[in-house]
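Here is what TrEMBL records for this protein:
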TRANSMEM  7-26  transmembrane segment
TRANSMEM  38-63  transmembrane segment
TRANSMEM  75-93  transmembrane segment
TRANSMEM  99-123  transmembrane segment
TRANSMEM  135-157  transmembrane segment
DOMAIN    146-274  domain 'Sugar phosphate transporter'
TRANSMEM  169-188  transmembrane segment
TRANSMEM  200-223  transmembrane segment
TRANSMEM  257-276  transmembrane segment
REGION    308-330  region 'Disordered'
Amino acid sequence: MINKTLVLTYLYLLIYILLSSGVILYNKWVLSPKYFNFPLPITLTMIHMGFSGAVAFLLVRVFKVVTPVKMSFEIYATCVIPISAFFASSLWFGNTAYLHISVAFIQMLKALMPVATFVMAVVCGTDKPRCDVFLNMLLVTGIFAEALRLVLTQVLLQKKGLTLNPITSLYYIAPCSFVFLFVPWYLLEKPEMQVSQIQFNLWIFFSNALCALALNFSIFLVIGRTGAVTIRVAGVLKDWILIALSTVIFPESTITGLNIIGYAIALCGVVMYNYIKVKDVRASQQPAESLPERITKDWKLEKKSSDIFVPNNSSDSSRGGSGGNGAASDLNVDVEAPLLSTSRLSHIGRTHLIRDP
């Protein structure tokens, strides 16, 4: 029988891979001086966050598609604000890299992401340090802001007891990320926009922001259903797709045989890490012993301890010689009885001690 939950999870992962690949290639095309020539990565990221926050606000407050959760200031300060800061910085630095590095090379560098995610998961207490995992990490070749953002998002969605869906997650995180991006934008890109000729095409930016919104929804959806490491391992398949597509769409993104060998080695480490994590998850999901089974085992243990038969001394003395070897023959003691304390005797055992044979 088909497991619908598992099918949905793989479907969400596939949607995430397709959307992530499309947004990365789209952003590269928009930012690259050789194509659309919009060399302002902070501005582009702010457009994405502003559009996502506005749509989430309309869905929550105006159309009331979902109900906002009651979030305490402590959770907002310890989870939402750090997530927003790392979310903004990872998008900013990631988009800036497309100005100077090819898509294929960036995806090869991102093979370190499972390593960074695992380290941050250990720091945040959502995973345990293990020697075999760390030895496996030596094979993997990094952006710790992205890793910490994924782990903190998992903490917010799974560990804090809040029922957050992708819409409410963006409702809280996107505006805060926009605020974090405003300061570097004001200092770095606003002066450049005033002196340079920047073309602005409404349709291009709207479609680009719409794709980013769909990607953000899929990220929170996948993290909420699986975890930070799973989405990074799924990203390995996305990286291979991007490496192949980028060499076709952007001819300057050439890769050499040495690049492929290096990335293949890193991929082996990622696959091994994924295998270890899957094995751990399966071990943790082994069905625990049920209550009826425990009761049955305890009853059998107590029944075994109750199989001690001690004859009544007064009765033995009254029989006299008629039962000369009765004390030896009638004393039926379980050989394991000395290993058990008398407190383990059941009601049945106690009745044997007072019953006349």
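Any Cβ shown, glycine's included, is placed from N, Cα and C.
The stretch in closest packing with the transmembrane segment (169-188), judged by the count of Cβ pairs under 8 Å and taken from 7-26, 38-63, 75-93, 200-223, is 38-63. Long-range neighbours of the transmembrane segment (38-63) within the same chain, counting only residues 6 or more positions beyond its ends whose Cβ lies under 8 Å from a Cβ of the stretch, are 27, 30-31, 88, 91-92, 95-96, 98-99, 167-168, 170-171, 174-175, 177-178, 181-182, 184-185, 188-189, 192-193, 198-199, 205, 208-210, 212-213, 216.
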